[in-house]
Structure formats: structure tokens, C-alpha cells
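Report on one structure; see the data block that follows.
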Amino acid sequence: MAASLEKAGLGISVRLLEYTGDGERIVAVASKVSLSRSPAERLLAIGEDEVETWILETFRRQHFSPWEHSVYTFMVEGLSRVASHQLVRHRVASYTQLSHRYSEGYLREAALKACESIGLDCPSKPAETEGGRKAAYRLYSQALERAARDFGASERFAIAAKAFVIPPTILARGDGGDGVVEAYLRSAAIYYSLLSRGARREDARYILPDALRTRIVVTMNARELIQVFFPLRMCTRAQWEIRHIAWLLWRELSRVHPRLFRWAGPSCVLRENTLRTTPASLYSYLEGVERFTQPRCPELVENKAIPGCLRQAASVAPPGDGEYE
């Protein structure tokens with residue numbers, strides 16, 4: 001799977017935009033607040049060793065309410081609307097998504113790539129006048145239709161990937177996706193044809209598949225991430241694209257707040273770590289340094305099969321050697 005994803009060039013990225021800079025300390029301070037009678041000055045003067053201790057204690061006791069005070073805002077770019085629909089099901093979060101009605105930026109990238117490939121002089125931005133816009137849309141439609149009809153599989157893929165996420169299993173067929181990539185291009189051609197004939201964008205978009213790329217800004221807190229999002233979405237049971245996103249996000253968060261996210265992972269890892277006196281890093285499970293003791297994971301995978309299942313889950317975005325120990 002990892003090789004096919006790399007070959008596909010998914011074009012999906014996760015970028016951390018903002019976060020609670022001293023989030024680890026704030027989690028520890030909030031944990032002390034719930035138990036200590038000390039004044040605020042003493043609580044805020046917590047040392048690094050105490051930060052480590054309080055984070056560990058809240059994790060072991062599954063007392064995650066203090067973790068809600070560490071918040072993360074990130075942008076996912078290039079994901080499909082299939083994946084974005086799964087993402088927004090996580091309700092303890094805030095979302096702002098690229099408008100499907102007012103923006104056709106990803107589609108235009110594909111159209112311009114098609115224009116370039118066939119040597120058609122197309123405007124990079126349609127003119128402001130109605131006639132100018134319709135003329136540009138006609139050219140986009142013609143270029144995309146020709147690409148769908150006349151180009152080989154690799155050329156079609158290079159154009160379609162600008163606007164659509166193409167599943168690796170489809171690419172692995174070796175026949176250009178058995179007409180799928182061609183269908184993507186034809187849908188984009190029809191979309192621009194409709195616009196050139198005066199259709200509204202809000203209506204023309206009905207022809208487009210859910211594979212269309214989008215962009216979304218998400219804000220979540222550490223508790224939602226470690227208790228809900230990562231256990232569900234880093235697991236092999238998750239659909240491959242959102243699993244890819246979850247592992248990319250985990251890598252980003254592990255860099256800025258390793259003491260909070262080193263024990264995070266799919267549901268098998270979260271369960272194992274909450275059973276242990278001392279939790280272990282996700283990397284140590286991946287490398288087989290630590291072994292699972294649970295008879296089966298929450299997804300009913302038997303004990304002996306859990307390590308392989310975890311490695312399969314990580315194959316969409318594996319960490320480097322020694323990363324996040």
C-alpha cells in the first residue's frame with residue numbers, strides 16, 4: 001500500500017496553522033487545579049518534571065478533561081469530498097471548508113494542464129465579463145474532453161490528479177483506472193460546458209464526483225484527538241484516505257507536543273496504553289519493541305494479529321526510523 005500511495009502522488013497535505021504553544025504545561029497545570037489547593041502562582045510555576053508526571057497521571061487515569069485546554073488548528077489540502085464528509089462527522093471540532101459553489105480552483109488547474117498538454121491557448125483566469133467567462137469555460141471544456149478522449153493513461157492521470165483524488169487501488173489496475181480517470185475528466189468537461197451555456201455553478205456542480213479535491217481548516221482539542229479522532233481514523237478499519245490524513249496529522253502534532261501525542265494511536269494502542277502502568281510510544285509498538293497484551297483489540301482483531309494490523313495502518317504514512325520514541 002505504501003508504495004502505491006507514493007506512486008499515486010496523492011497530493012494531500014496537512015499543515016498545522018496554530019496551536020496552544022505551551023499546551024503541555026497547560027494540560028499539567030489544569031490537572032493540578034482539579035486536585036490542589038495551592039494558589040495560582042504556585043500552580044503556574046510547575047517544573048518540567050511535574051509536567052511529565054501530571055500528563056502521565058491524567059493519561060493513566062483517563063482523566064482527559066484537562067487535555068481540552070490544548071487546542072490545534074490545522075489545514076488539510078487536496079483531500080477529496082469523500083474524506084471531508086468523514087472528517088466533519090467529528091462533532092467536537094470547528095470547520096471551515098472551501099466552497100463548492102464559489103470556487104473551482106482545483107478544476108481550473110486540471111483544465112489549464114489539459115490546455116497546456118494539447119497546445120490550446122486558454123486564459124489562466126476567465127475574464128470579468130460574462131462573454132469572456134463563457135469563452136474561457138468553452139476552452140476548458142474542449143481541452144478536458146480531448147484529454148479524456150485522446151490521451152494515454154499516464155497523461156490523463158497527470159491532468160485528473162490536479163482536481164481529483166484517485167484511489168491507489170484504481171491506479172494499480174494498470175489500465176488507466178478502467179475508465180474511472182476518463183470519467184473524472186469528462187465530468188469536469190461537462191461542468192465547464194454547462195457554465196459556458198449559462199448554468200449556475202450551484203447547479204453545474206451536481207455533475208462532479210465526490211473525488212473532487214477540497215480544502216478544509218479544522219480546530220480540535222487534544223482530548224478529541226487522542227480519545228476519538230486518532231483511535232478511529234488511524235485504524236485499518238478507517239477508509240484509506242482519512243487514515244492517511246490522520247497519520248499525517250499525528251506526525252505534525254507529535255513534533256510540537258511529543259509528551260501529549262507519543263502515546264496516541266489507533267484504538268488498539270490507546271487501549272493497550274491505558275491498561276499499562278507505564279504507557280509506551282506508538283513507535284515502540286510499530287517496531288515490536290513493546291508487545292500487546294489485550295486478547296483482542298476494540299475492532300475484534302485477535303492478539304497475535306494486532307502488530308501486523310498496526311503496521312498495515314501505518315503504511316499510508318509511516319514514521320521514519322526512531323521517530324517519536
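We number each residue from 1, going along the chain as drawn.
Glycine is treated like the rest: Cβ placed from N, Cα and C.
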Gln86, Leu87, Val88, Arg89, Gln97, Leu98, Ser99, His100, Arg101, Arg205 show up in Swiss-Prot as binding dUMP; which entry in Arg60, Arg61, Arg133, Arg233 does that record put in the same site?
Arg233
Hey, Swiss-Prot has FAD bound by Arg89, His90, Arg91, Gln97, Asn221, Ala222, Arg223. Any idea which of Ser65, Ser80, Ser103, Ser117 it lists too?
Ser65
Can you check which of 10-59, 110-159 Swiss-Prot lists as region 'Insert'?
110-159
Gln97 (dUMP binding site): secondary structure state under DSSP, collapsed to three categories:
strand
For Gln97 (dUMP binding site), list the number of other Cβ atoms lying within 10 Å of its Cβ atom.
15
Looking only at Gln86, Ser99, the binding-site residues on record, which one has the least crowded Cβ, with the fewest other Cβ atoms within 10 Å?
Ser99
